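The feature Zn(2+) binding site is assigned by TrEMBL to A:Cys94, A:Cys97, A:Cys134, A:Cys137. Annotation comment: TrEMBL describes A:His126 as Fe cation binding site.
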There are 2 protein chains.
Amino acid sequence: MLSIENAVQTLKEKNIRLTPQRHELINILSKGNKHWTVEELYQLLNESMPSVSITTVYNNINLFCELGLVKEIQFGEALSKYEWKKEDHYHIVCSECGEMVDVWYPALKEVEVFAQSISKFDISSHNLQFYGTCSNCEQK
Amino acid sequence: MLSIENAVQTLKEKNIRLTPQRHELINILSKGNKHWTVEELYQLLNESMPSVSITTVYNNINLFCELGLVKEIQFGEALSKYEWKKEDHYHIVCSECGEMVDVWYPALKEVEVFAQSISKFDISSHNLQFYGTCSNCEQK
DNA sequence: GTAGATGCAAAACGTTTGCAACCTA
DNA sequence: TAGGTTGCAAACGTTTTGCATCTAC
């Protein structure tokens, strides 16, 4: 799990300014071990910085992705979500409400090797998502 | 692999009209064993029916998905693609150009069972995509 | 002081909706 | 002939862009 100090260090090394908006966004992302949409991050950021714009959230979440501080999780049906960088894992998504939890399972390297062997692709990564219903939505 | 006759039969059973637009869209989808975006289907349809609207493509591709004639493939970075219904399989996607090929590998049921066991989700399906570079893009 | 960042407004993009005209069964 | 379907235009929600202002270093 990436520390705030490491993140700040990365910004400094690349001469990227540590604005209050960035600092607070890093705070939010690194503290909660969750998955957020841009809109959710914008709402949270607004609580402490009412004047922040959603453009700034987009700018910075994309910047953080490029820097490898944040990972974008793309999955069907819904918006992208973002999570603070941690070890590789998979996700379960609720088809009803979009809630998402992590699944730590050994990377399916052998399936990647198989896919590489039967195709003319140079495969660099893979992604596995599970879809289902969370316990909250199950009760309804 | 679903036949045109089966598809037409499904429409008849549900009292869904076989318009020329639908017929031609079924023709395109069922003949080529490919993955198309809505825009690509619209362009192909336009070759034989210049007056067709993209709304009709959306209407019908969604209808076909609901009827189970067509499968929507959602993956990161890009638009949804659609393919004519066939046996379950996974996909490799080129990160450069979006080209997509099928991978026939036994369904990872045991991973689904594991994910179910460690979560409070009722898991109904999963999805595995591989990302890489196709041979065309590799050369560039 | 200055290059980089912010925040507003407008544009862009894919997709959906409302509705009058049309056509399949 | 009647309800399903089409195709146009407008609306929608998310994301990107242009740009003047501001600010971290």
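Cβ coordinates come from backbone N, Cα and C, glycine included.
TrEMBL entries are annotated by machine, without manual review.
Overlay of TrEMBL annotations on the structure.
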residue	record	CB count, 10 Å
A:Cys94	Zn(2+) binding site	20
A:Cys97	Zn(2+) binding site	13
A:His126	Fe cation binding site	19
A:Cys134	Zn(2+) binding site	21
A:Cys137	Zn(2+) binding site	16
Candidate nearest the residue listed as 'Fe cation binding site' in space, where candidates are the binding-site residues A:Cys94, A:Cys97, A:Cys134, A:Cys137 and distance is Cα-Cα: A:Cys94
DSSP-derived class (H/G/I helix, E/B strand, else coil) of A:Cys137 (Zn(2+) binding site): helix
Residues from the binding-site residues A:Cys94, A:Cys97, A:Cys137 that lie close to chain B, Cβ under 8 Å, in sequence order: A:Cys94
The residue listed as 'Fe cation binding site' - helix vs strand vs coil (DSSP): strand
